[in-house]
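Annotated features in TrEMBL:
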| type | residues | note |
| --- | --- | --- |
| TRANSMEM | 12-35 | transmembrane segment |
| DOMAIN | 22-259 | domain 'G-protein coupled receptors family 1 profile' |
| TRANSMEM | 47-69 | transmembrane segment |
| TRANSMEM | 89-110 | transmembrane segment |
| TRANSMEM | 131-152 | transmembrane segment |
| TRANSMEM | 200-218 | transmembrane segment |
| TRANSMEM | 246-268 | transmembrane segment |
| TRANSMEM | 280-303 | transmembrane segment |
Amino acid sequence: MSEVFTVEAILFGLLVFSGILGNILVIYVVFQSVTKTPPRRLPPSDLILVHLSLANLLSSLFRTVPIFVSDLGLDLSLSSGWCRVFMLLWVWWRAVGCWVTLTLSVFQCTTLRRQNVAFGPITVQRERRRLWVVLGVVWGANLAFSVPALVYSTHVKGNATVELMVISSTTRPLLGCVWEFPSEEQGLVFTSTSLAVNEVLPLVLMVCTNVATLHALAKHIRAVASGGIHTELDKHLSSERKAARVIISLVLLFVVCWVLQVAAVTYYNHNRGHHVEGLLTVSHFSSSLFVGFSPLVVALGHGKLRRKIISMMLG
């Protein structure tokens, strides 16, 4: 391998390792904290974090790791049947990660903007039930949307020229798997729909909810400064404000990675000028940046997780 290629492989390998280790650590610490504190049930925000970490972990293990292995020069290939299955999983987990990130943002926004904050196990139980329904819909609806991968994906041998890239799955032939549509029109319809439903729509909603969250934070700061908040409510909103900052940082990381990847893939699909190779390299890394760094953002910003991880490291 050339020196430049070796540096890229090392950097990409660090991202892969960071994503796998970080997401495993987040899931482990959350569940370990729950088992040691009554009533041994996940708080609503931690429940969303576990689903987000699970989706990112699955994407890392079954998509990013094979990309890294192939970058090292190993020839990995799947049959046509397994290509359809893996393409389905790649699209599914990518979309789930996107929509669960939005769910986390919306949950924090609604919590901050709520006028009458109720405390107690009954309220937490109701929120948890609603979240299970929402998360079930997210996983189920995205699985249904990913079903076309079972039809429009296939296996190719040797070098293949990719005519059309789908952002939610892969930006190149991976494990010998590519998209194969009956016509260019059908391919454009599917890729445009995938871009609009699983990329643009949740991104716009994330931006809107984060603007609303910032507005709620500003309102809360003004209320605290004027002394118009009771002690218990002020304590609750203060913790929610800290959580909101973490979620805003998480969403900003997602938006930056998303913009870089979409710009690169869109340029390839519609232009294919002399900047293609560089932009595809950008897309190659940006698609893994969120998976690699999101656990770090969560671990550093989440008070309980941060204290638990530090105690584990010191112990």
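Cβ atoms are placed via backbone N, Cα and C, with glycine included.
Mean model confidence for the domain 'G-protein coupled receptors family 1 profile' (22-259) is a pLDDT of 78. A contact between the transmembrane segment (200-218) and the transmembrane segment (131-152) is absent, since fewer than 3 of their C-beta pairs, 6 or more residues apart, lie under 8 Å. Long-range neighbours of the transmembrane segment (47-69) within the same chain, counting only residues 6 or more positions beyond its ends whose Cβ lies under 8 Å from a Cβ of the stretch, are 9, 12-13, 15-16, 19-20, 23-24, 26-27, 30-31, 76, 86, 89-90, 93-94, 96-97, 100-101, 103-104, 107, 128, 131-132, 135, 138, 170, 174-175, 284, 288, 290-291, 294-295, 298, 302.
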